[in-house]
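Participant: A single structure is presented below for examination.
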Amino acid sequence: MVFEGHLVGTGLKVGVVVGRFNEFITSKLLGGALDGLKRHGVEESDIDVAWVPGAFEIPLIAKKMASSGKYDAVITLGTVIRGATTHYDYVCNEVAKGVASLSLQMDIPVIFGVLTTETIEQAIERAGTKAGNKGYESAVAAIEMAHLSKQWA
């Protein structure tokens, strides 16, 4: 038997957690995610967005959303750009571990849509220019995974 997720979002309720730090990028990721959800049939009234200060704060609110029982999937969006210190490494590692841990603990998909880039240019490319919009891609993944995970509910 082959299991596949559908790309029709009708009837799904989705939570989105967005880091405000680097908002000029994260707002584009959010725009892409909202576009992806709506294009695939998720009603605007079925999408809740929570803004948090930065990427490091994403896992806590994602956990609260995922454990609320209100959502079929949670999308996490943020942007961490390497600077001159090791802060980048700590933030990237902890956010990735936090979201990955939630994906395994919760009964719903928690999608990792946090950009971890070396440069501002790379972040811009992934927020809607050369490399597509990772927010949009995260939305499509959330829809597919929500349907796929329900096959074992």
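Note that Cβ sites are derived from N, Cα and C of the backbone, with glycine treated the same way.
These came from Swiss-Prot, pasted as-is:
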- His87: active site, proton donor (ACT_SITE)
- Phe21, Ala55, Phe56, Glu57, Thr79, Val80, Ile81, Phe112: 5-amino-6-(D-ribitylamino)uracil binding site (BINDING)
- Ala84, Thr85, Arg126: (2S)-2-hydroxy-3-oxobutyl phosphate binding site (BINDING)
Participant: Of the residues named as (2S)-2-hydroxy-3-oxobutyl phosphate binders, Ala84, Thr85, Arg126, how far apart in Å are the Cα atoms of the most distant pair?
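Facilitator: Taking every pair of listed residues, the largest Cα separation comes to 23 Å.
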Participant: Relative to the Cα of Glu57 (5-amino-6-(D-ribitylamino)uracil binding site), which of the recorded positions Ala84, Thr85, His87, Arg126 have a Cα no more than 10 Å away?
Facilitator: none
Participant: At the level of the C-alpha atoms, what whole-angstrom distance separates Ala84 ((2S)-2-hydroxy-3-oxobutyl phosphate binding site) and Phe21 (5-amino-6-(D-ribitylamino)uracil binding site)?
Facilitator: 17
Participant: Going by DSSP, give the three-state secondary structure for Arg126 ((2S)-2-hydroxy-3-oxobutyl phosphate binding site).
Facilitator: helix
Participant: Tell me, how many other CB atoms lie within 10 A of the CB of Thr79 (5-amino-6-(D-ribitylamino)uracil binding site), whichever protein chain they belong to?
Facilitator: 29
Participant: Might you list, by sequence position, any residue in that chain lying six or more from Ala55 (5-amino-6-(D-ribitylamino)uracil binding site) with a Cβ less than 8 Å away from its Cβ?
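Facilitator: Result: Gly19, Phe21, Gly78, Thr79, Val80, Val91, Cys92, Val95, Val114.
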Participant: Taking the Cβ of Phe56 (5-amino-6-(D-ribitylamino)uracil binding site) as reference, which residues of that chain separated by at least 6 in sequence fall under 8 Å from it?
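Facilitator: Set apart from Phe56 (5-amino-6-(D-ribitylamino)uracil binding site) by at least 6 residues yet with Cβ under 8 Å, we have Val91, Glu94, Val95.
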Participant: If you count the other Cβ atoms within 10 Å of each Cβ, which of the binding-site residues Phe21, Phe112 comes out on top?
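Facilitator: Counting every other Cβ within 10 Å of each candidate, the maximum falls on Phe112.
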Participant: Just to verify a number: CA distance, Ile81 (5-amino-6-(D-ribitylamino)uracil binding site) to the residue listed as 'active site, proton donor', in angstrom, no decimals.
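Facilitator: For Ile81 (5-amino-6-(D-ribitylamino)uracil binding site) versus the residue listed as 'active site, proton donor', the Cα atoms are 10 Å apart.
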Participant: Under a criterion of Cβ-Cβ distance under 8 Å and sequence separation of at least 6, what residues of the same chain contact Arg126 ((2S)-2-hydroxy-3-oxobutyl phosphate binding site)?
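Facilitator: Counting only residues 6 or more apart in sequence, the Cβ neighbours of Arg126 ((2S)-2-hydroxy-3-oxobutyl phosphate binding site) under 8 Å are Leu115, Thr117, Gly132, Asn133, Lys134.
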Participant: Which one of the binding-site residues (Val80, Ile81, Ala84, Thr85) has its C-beta surrounded by the most other C-beta atoms within 10 angstroms?
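Facilitator: Answer returned by the neighbour count: Val80.
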Participant: Including all protein chains shown, what's the count of other C-beta atoms within 10 A of the C-beta of Glu57 (5-amino-6-(D-ribitylamino)uracil binding site)?
Facilitator: 19
Participant: Specify the secondary structure state of Phe112 (5-amino-6-(D-ribitylamino)uracil binding site) as given by DSSP, simplified to three classes.
Facilitator: strand
